[in-house]
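Have a look at the structure below, then the notes.
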Amino acid sequence: MTSNEKEMGKSELLVVTGMSGAGKSLVIQSLEDMGFFCVDNLPPVLLPKFVELMAQGNPSLQKVAIAIDLRGKELFKSLVKEIDIIKSRNDVILDVMFLEAKTEKIISRYKESRRAHPLNEQGQRSLIDAINEEREHLSEIRSIANYVIDTTKLKPKELKQRISKFYLDENFETFTINVTSFGFKHGIQMDADLVFDVRFLPNPYYVEELRPFTGLDEPVYNYVMKWKETQIFFDKLTDLLKFMIPGYKKEGKSQLVIAIGCTGGQHRSVALAKRLAEYLNEIFEYNVYVHHRDAHIESGER
């Protein structure tokens, strides 16, 4: 939502959807704490009627978040159509947030909660089959989402913090860049738009006194950044991003996720993600956030 649209008093509608077990309930709870009027599991066919209520100017409906999932089954099929209808209006700003997680993580969460998956309420099939079917059903709505968040590696507190950064930031409407470091041995960053592999750089893991630390610590950071290869890579990377990022924004993208990966996600990727976020903050007026997904893992890089 832009500053001009805020001045015009347009209402905000956020549709929260995605995989069952990916964290929709937690996101809705967080948004409610931030002053959103929240509705859980509204049938998609009722979305236009709800927007009509919002358009009447009720102050309590100025910022609304609606969670929609496959519990509606057949009704869910109309969601993309209803969203297109709402986007054609000029009095309500609509965003779509899609939450997902790796299949094995969703299985783990369901085992912990002991709840039935919405596509397997009778227990007549395997959980993995239900998850795969749901992922297929959701592919279309995922493709039109403004924000895609992979919660596989996020603790509940970290997910809440990410939502808070989005919606408590006065400049959120401009453009958001998320820079993430990760370790390939722990899995690729699933929600990344751009992935850069820095495993070709000298590895601090093999310097015994540096091994226990991360790229956020000065000795490791200095070690990673001192090499000629690092400087050449960083210069080429920033030249590329200076060219690409304005194009993403021009095409209407509101969030860009840049992931930098090394082997374990503790040293090289952390140092470069830190430096890249600082650089992007210096040259752009966009919101730039940095997250180190695997830096806390004590085993380090291999």
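Every residue, even glycine, has its Cβ placed from backbone N, Cα and C.
Lifted from Swiss-Prot, the feature list:
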| type | residues | note |
| --- | --- | --- |
| BINDING | Gly18, Met19, Ser20, Gly21, Ala22, Gly23, Lys24, Ser25 | ATP binding site |
| BINDING | Asp69, Leu70, Arg71, Gly72 | GTP binding site |
Pairwise CA distance, Gly18 (ATP binding site) versus Asp69 (GTP binding site), rounded so that it is a whole Å: 7
Check: same-chain CB within 8 A of ATP site center, minus Gly18, Met19, Ser20, Gly21, Ala22, Gly23, Lys24, Ser25: Asp69, Leu99, Glu100, Ala101, Ile106, Thr151
Neighbour tally for Lys24 (ATP binding site), based on other Cβ positions within 10 Å of its Cβ: 22
Mapped DSSP class for Leu70 (GTP binding site), helix or strand or coil: helix
Distant-in-sequence Cβ neighbours of Asp69 (GTP binding site), under 8 Å, six or more positions away: Thr17, Gly18, Ser20, Lys24, Asn41, Phe76, Pro118
Count of other CB atoms lying within 10 Å of the CB belonging to Gly21 (ATP binding site): 26
Coarse DSSP state, helix versus strand versus coil, of Ser25 (ATP binding site): helix
Which of Gly18, Gly23, the listed binding-site residues, has fewest other Cβ atoms within 10 Å: Gly23
Distance [Cα-Cα, Å, rounded] between Gly21 (ATP binding site) and Arg71 (GTP binding site): 13
